[in-house]
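Novice: Structure in C-alpha cells, see below.
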Amino acid sequence: MAASPPAADPVSRAAKWAVYIVFTTNGFVLASFASRIPQLRDGLGVTPAGLGLILLSAAIGSLIAMPLSGMVVTRLAEARTVTVMSLILAVGLATVAVGSRFGALPVVLGLFLLGFGNGTWDVAMNVQGARVEQGLGRVIMARFHAAFSLGTVIGALIGTGMVALQVPVTVHLLAVAVLAAVVVPTAVRRFLPAAVLPASSEPKSRRSHPLAAWLELRTVLIGLFVLCMAFTEGTGNDWLAVATIDGYKAAPALGSFAFAVFVAAMTGGRWFGPGLIDRFGRVPVLRASALAALVGLMLVVFGHAIPIAIFGAALWGLGAALGFPTGMSAAADDPLRAAGRVSVVASIGYLAFLAGPPLIGFLGDRVGVLHALTVTAGLLAVAILVAGACRPLAGSSIVGEAKA
C-alpha cells in the first residue's frame, strides 16, 4: 500500500497555485506566438526553408540555456530565476513583434532571447514544482504539465480569434509580452522560499557545482528515459494528423480528429495519472505507460482501420502523458542537487523535440509517414528498460512510491 502523505502546509498550497499560473502562462505565451507564425512568415516574405532557419534560433537559445540553467537556479533560486527569464522572454517576444516590421534579423534575435528565457524558465518552474510536490506530500507534477497544455489551448484559441479579427501581429504579441511580464513576476511571490540545504559530508565542489550532475549515471539514465518519452510525445504532436491522412487516405478532418484525441488523452492522463503513481509507485506506472504508448502506436500504424487507429491514438496519448513530468520529478528527488539534475534531464530530453521532426520527415520520404512512426517503438522499448532509474532515491522522503 502507498504511504500516507503528510499534511500539506498553507505555504505549499499557495505555492501550488502559483506554479499552476506560471505553467499555464508559459504554455499560453508559446502558443500565442505559434498561432501567428503564418502571418510572420507572410510579413517577412520567406520560404518554408527560410522560416525553418529563423525558427531554429529559438531552439538554439533553449539548447544554450538549459545546460547552464542549473547554475542559474542554484544561484538565484526558482522565484528570481523565473522572474528574470520571463522578462527576457517577454523582451524577446516584443522584439519579434516590433522587429518583424524591419526584416528577419530582429526576429532571429528576438526568437533567440525567447528560447533562452524559456529554456531556463522551464527548468526553474519544474524545480519549484517538484519542491511543491514534496511539500504537499503527493504527486502533482503531471498536473502542472496539464496546466501548461491548458495554456497552449487557450493561447491557440485566442490566437485564432486574433487572426479572424485581423488584429495585427505586432499588437497581439506585444499584449502577450506585457501579460507575461506582469503575471509571472506577480505569481512567483507565492513560490516556496529558497531551500535551506542541509550540511553534507561530500566535498563542497561536488555539492555546489550543478554541472557535476552530467557525470551521474542515474541522472543521465533519467534523461534518456525523458528523451524517449519526449520523442513519443513530440512525434504524436507533429506527425499523427499527417500520418492518419496519408496512411489511411483519410479526410483532413479525420486527421485533425485523431490529433485532438491524442492531445485530449494526454491532457487527461496528466491530470488523473498522479493518483496512479500515488497508489502503485513511480516505476511500475511509468513502465505501464510506456507499454500503453507502444501498443497505441502499433494500433495506429498497423490497425488498418480508422476506428482502430483512433483508439490507438487515445492509448498513445495516455501512455505518453506521464513520462516527461515524472522524469522531472525523479530528477528533483534530492533538493540539494535538484537544479543541476533537472537542467541535465531537460537538456537531454529536449533534444527529442529538436531531432524528432526532421528524423520522421526524412524516414517518411522513404517509407511513408505512417510507417516512419515505428522508429518510436524502439525508443519506447528503451524507456521501459531504463524506467527503473526514476525510482526514488534511498532514504529520501519522496511521495509517489508504493510501499510493500
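The backbone N, Cα and C atoms fix where each Cβ goes, and this holds for glycine too.
Annotation comment: TrEMBL describes 15-395 as domain 'Major facilitator superfamily (MFS) profile'. Marked as transmembrane segment by TrEMBL: 17-37, 49-69, 81-98, 104-124, 144-165, 171-192, 213-232, 252-273, 344-363, 369-390.
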Novice: So what's near the transmembrane segment (171-192) in sequence-distant terms, Cβ-Cβ under 8 Å and 6+ beyond its ends?
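Specialist: Sequence-remote neighbours of the transmembrane segment (171-192) are 11-12, 14-15, 17-19, 21-22, 25, 28-29, 32-33, 36, 78-79, 82-83, 86-87, 89-91, 93-94, 96-98, 128, 131-132, 135, 155, 159, 162.
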Novice: Which range wins on Cβ pairs under 8 Å with the transmembrane segment (344-363): 144-165, 213-232, 252-273?
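Specialist: The stretch with the most contacts is 213-232.
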Novice: With contact taken as 3 or more Cβ pairs under 8 angstroms (pairs 6 or more apart in sequence), are the transmembrane segment (213-232) and the transmembrane segment (104-124) in contact?
Specialist: no
Novice: Should the transmembrane segment (49-69) and the transmembrane segment (104-124) be scored as in contact, given a threshold of at least 3 Cβ pairs under 8 Å and pairs 6 or more apart?
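Specialist: Counting Cβ pairs under 8 Å (6 or more apart in sequence), the transmembrane segment (49-69) reaches the transmembrane segment (104-124), since there are 3 or more.
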Novice: Check the transmembrane segment (104-124) against the transmembrane segment (17-37) for contact, please; criterion is three or more CB pairs under 8 Å, pairs 6 or more apart in sequence.
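Specialist: These two segments touch.
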